[in-house]
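Report on the following structure.
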Amino acid sequence: PYGFVSRTSSNSIRSIITATYPASQLSKYNHKLVRLAKDGQTSCLPIFDKCREILESNVKPDLTTYCVLLQAHERNNDLEAILRTFEEMQLAGVPPNISAFNIGLGAAATHGDTVVLEKIRDMLHKSALEPNANTYEIIIQGLCANQELEHALDLLGDMTVSVNEKGVPDENGRPTIDIPPTLQCYTPIIQLAVKLHESETAYLVLKMAEVQAGLSRLPPTLYIEVMARAAEDYVFYAVEYCWNKGVKQMGAYPDEGTCMLILNCAGHEKAPRLAAEVIQYMAQIGMVFQEYHFAPLFQAFFLAGKYKSAFNVLSIMRTSGLRPTYLTTTSILKALRGPAQIEEAFLCMKEMHQEGKKVDVVAINILIEAYGRHNDLTRATTIYETAPLLGVEPDTDTYNALLIGCLMNRNITEGRNVITMMHRSGVDPNVDTYQSLINLCLTQINYEDAFMYLEELKSHGVIPPESVYTGLVRKLARENDPRIKYVIEEMESFRYAVGPSLREYIETGGLSSVMKAERRRQIRKTRRINSRPLVLKKANVA
């Protein structure tokens, strides 16, 4: 079979020519073998033919011959042949040297076969030869190729001194292997840890490479890999370190996807400084900004309690030609855990107005919704009424935010008042408006208006969302309303599926968990009876 080009190419071949003499017949054979091995495009068959010729000539092969043969087997991806060659070398009285063992280890590592790798390591141990740095590189690469991260870390640990989270080495620790690890030892472990979402491990090994091996100039791409995965896993200290070292000091260039991961991490971890630096970097390299780039920056400032800076982000967006939306600020709703925080943010907003800074309607809307979700409809309405005094003109999302408060309070009267104010202001409703109105009607005993708003929504040429029909079907099921049949037909006409859970809800009529379980038991029993053959049914009746 044909193989692939070995990693141990001409340099390795030159290093193993130590046992032949120019005048000998074997020397001529070996010279031809080495020349064939150097030609990466050549098939391994000529090498095997030449070895057969040596055998037929009754010439005893030496270390060079066997090393070229090992490389041919490596190129052929034939690990069993490599093991047989090592056995043959021992029988022929030509013990392998460390370069020969490295060829075999490299083949097993490339193939990801740790069983063969361990067999060759055992042969190496019995030979009493001392492994070199290349040996450990190959072994670690093989372990990582087979995703044996813990095994690779154990071997690396024997070559190094342990470090803490900040990368400071243990002063009392001593490595058990007196060979310092190279970059090729660290890199596959870091990359495997990244692949397995072991971000903390990847960061610590990166620090080990810097501190212990003196590899202060690791490839910038390695920092990008660790930083991106750490950002995805929200390991902030690793993200911050890799940003400072890899990007700011070494000049690495993260792409937009990586920048977005870092921004999301910074927003989640209340790190506005890092988020601002990423935005600045993106501007410097000419990336085109979108609304979603600024949302994490807004979140980072807001979660850090820097409300004015967060509101200023909205102004910066508008200056940049971007329109803030509900999605820009929605992430902070969970952060506004109580009225005190909402009121503090509102006071900052009023201070901004007094300082001559523009207050954005999106900021007003999020505070109105936050009060509504905390069941304080009165305070939500107060902020709405204050909006004109702050130079803010309410928009559709403002009224939708008020409707969410009405929905949370099940206050249909206030909901109708919101619609009246909306019409007086000349603001048009959208799909979210109708969805909130319909859901609000469904909280009432008299829910006839839900059908009215549904028809009004359809009159605008809009297909109602699936969630609207789901809520309506559930209400009709609970009320045992015969109109459920027509709603389901309309729902299916829009290609919305009535899933198993919804069908079960319809069948049980939205009963309590105990009653529902009993109802399900009765339904299953009825279905079993109906599925029996007719003869059995008659027998049961008899």
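Backbone N, Cα and C atoms are what each Cβ position is placed from, and that goes for glycine too.
TrEMBL labels come from automatic prediction, so no person has curated them.
Annotation source TrEMBL lists domain 'Pentatricopeptide repeat-containing protein-mitochondrial' at 256-386. As a summary of secondary structure, the domain 'Pentatricopeptide repeat-containing protein-mitochondrial' (256-386) carries 98 helix, 0 strand, 33 coil according to DSSP.
Here TrEMBL flags 62-96 (among others) as repeat 'PPR'. Taken together, the residues of the repeat 'PPR' (62-96) have an average pLDDT of 89.
Sequence-remote contacts of a segment are chain residues at least 6 beyond its ends whose Cβ falls under 8 Å from one of its Cβ atoms, and for the repeat 'PPR' (360-394) they are 311, 314-315, 318, 324-326, 328-330, 332-333, 336, 338-339, 342, 345-346, 349-350, 353, 400-402, 404-409, 411, 414, 425, 427. Look at TrEMBL and you will find 360-394 (among others) tagged as repeat 'PPR'.
The repeat 'PPR' feature in TrEMBL is assigned to 395-429 (among others). Residues 326, 361-362, 364-366, 368-369, 371-373, 375-377, 380-381, 384, 387, 436-437, 439-441, 443-444 of the same chain sit 6 or more residues outside the repeat 'PPR' (395-429) yet have a Cβ under 8 Å from a Cβ within it.
Away from its own ends, the repeat 'PPR' (430-464) comes close to residues 396-397, 399-400, 403-404, 406-407, 410, 412, 415, 419, 422, 471-472, 475, 479, 494 of its chain (Cβ-Cβ under 8 Å, at least six residues beyond either end). Sequence annotations record features per position, and here TrEMBL assigns repeat 'PPR' to 430-464 (among others).
For the repeat 'PPR' (430-464), DSSP puts the residue distribution at 23 helix, 0 strand, 12 coil.
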